[in-house]
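As recorded in Swiss-Prot:
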ACT_SITE  LYS74  active site, charge relay system
ACT_SITE  SER149  active site, charge relay system
ACT_SITE  SER173  active site, acyl-ester intermediate
Amino acid sequence: MDFNSLRKEIINNNASVKELVNDFFDKIKHKDPEINSYICTTKDNAIEQAENIDKLIQNKEKLPPLAGIPIAIKDNICTKGVATTCASKMLKSFVPPYESTASSKLWSSGGICLGKTNLDEFAMGSSTETSLFGVTSNPWDINRVPGGSSGGSAASVAAGFCAAAIGSDTGGSIRQPASFCGVVGLKPTYGRVSRWGLVAFASSLDQIGPITNTVSDAAEILYSISGKDPFDSTCLDKPVPNYLNDLNKSINGLKIGIIKECFEHPGLNQEVKESVLSGVDRFKALGAEIIEVECPRFNDGIATYYVIAPSEASANLARYDGVKYGYRSKEGSNLVDMTSKSRAKGFGDEVQRRILIGTYALSAGYSDAYYKKAQKVRTLIRKDFDNAFKKVDVLLTPTCPTTAFLKGDYVNDPLSMYLSDLLTVPVNLAGLPAISIPCGFDTKGLPIGLQLIGNVLEEGKILNAANIFEIDAQVIKNRPLF
């Protein structure tokens with residue numbers, strides 16, 4: 001249910017906010033065991049929040065912009081007094097003493113927290129199969145993955161277990177699951193949204209963003225959570241426009257660049273390619289000018305990312321030693337031995353794999369060959385985007401090379417898993433905003449996503465184009481039945 005539908009229910013007195021929130025919890029209780037999108041729910045707090053909104057309505061007071069909207073939070077984003085586990089044994093018992101800036105802004109705007117959603121451990125993955133709390137299923141086909149690492153957030157929105165969810169995107173972790181689950185996923189410009197309270201994976205790449213049913217809902221969430229934050233030095237001190245204002249503006253004459261290298265990649269599924277190209281035709285019919293552009297180093301993004309991201313993860317995760325917090329092994333003959341055993345048992349296989357890759361890439365004698373070289377390629381990728389944006393307003397690619405794959409297909413094949421982020425990681429390396437919207441289905445009935453990429457701080461352009469496409473295409477007429 002999108003925001004406007006919920007508001008109509010409330011305004012027309014068809015239901016109180018408390019009743020609507022209880023309906024969501026009933027659905028979660030009876031249906032989520034099949035999906036496993038939530039790690040925990042926060043019913044008592046949600047009911048209290050709902051009652052406060054109901055009082056405002058009864059007293060005919062001015063309502064905050066997200067009043068009564070039920071929202072789920074990815075479990076790598078800190079929530080005061082509510083466990084934030086990162087789906088890891090290492091943080092299974094960690095309860096933050098503070099609220100993240102992004103979630104705090106949501107609650108100040110009237111949003112209601114339903115709970116914390118499942119993810120790949122420490123947000124390292126593309127399938128939500130590495131969680132301590134079990135695998136999440138795709139609502140369109142429960143034998144398939146929802147994508148990752150924000151798979152729980154995307155699945156909860158697609159199944160109707162919340163009206164919106166917040167995720168994090170380091171290399172595609174909002175957009176890829178949004179594509180797999182047939183919902184909207186927005187990764188903002190790096191620094192547009194504060195990372196204060198987001199458990200760090202790769203600090204130069206991580207960004208918080210919304211997963212929603214509609215583009216307009218994503219625009220509302222982005223407006224609420226954006227803006228300067230004194231607790232995050234990388235957060236941009238730039239004006240935040242109301243993204244709703246230009247959502248319905250005509251895209252006649254909008255220059256959309258089709259990245260040649262993406263559509264020529266041998267790993268791109270033919271059905272995905274055809275569906276996205278049909279989307280290109282729709283944009284053309286809506287008045288956009290279609291221009292083919294080249295980004296010669298676009299396909300180098302995946303190799304570059306898997307040097308930089310693990311390197312930063314290696315440094316960030318060094319803090320988890322079982323001394324001050326986190327899992328502590330009861331074994332160990334001394335401090336070093338205890339720390340080693342705590343990390344070996346506290347982290348899962350994929351997290352350990354990435355720590356090892358990153359440590360190697362940063363090690364003496366190898367950092368020049370790997371990490372520093374990857375940073376140089378990152379600069380070249382950014383320059384390719386800069387050159388493309390001299391010719392066009394927005395760039396367009398498929399979100400993912402394939403539709404949702406079966407559980408177990410890639411979990412023991414890291415290379416294939418990493419390649420599922422082929423079309424999303426260059427955006428993070430360049431710090432650009434991008435949105436995934438549904439554009440069709442394959443012959444198995446699985447959703448296909450189309451990605452629009454904007455220049456720095458030009459979320460308004462991609463939201464406008466995505467909204468016009470969404471209204472015209474009406475791709476998602478019915479959600480999975482849950």
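The first residue you see is number 1, and the count goes up from there.
Cβ from N, Cα, C; glycine included.
Here the features listed in Swiss-Prot are placed on the structure.
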residue : record                               : DSSP (3 states)
LYS74   : active site, charge relay system     : strand
SER149  : active site, charge relay system     : coil
SER173  : active site, acyl-ester intermediate : coil
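Within 10 Å of the C-beta of SER149 (active site, charge relay system) there are 34 other C-beta atoms, taking all protein chains into account. Here the Cα atom of SER149 (active site, charge relay system) is found 9 Å from that of LYS74 (active site, charge relay system).
Within 10 Å of the C-beta of LYS74 (active site, charge relay system) there are 32 other C-beta atoms, taking all protein chains into account. For SER173 (active site, acyl-ester intermediate), the number of other Cβ atoms no farther than 10 Å from its own Cβ, over all displayed protein chains, is 37.
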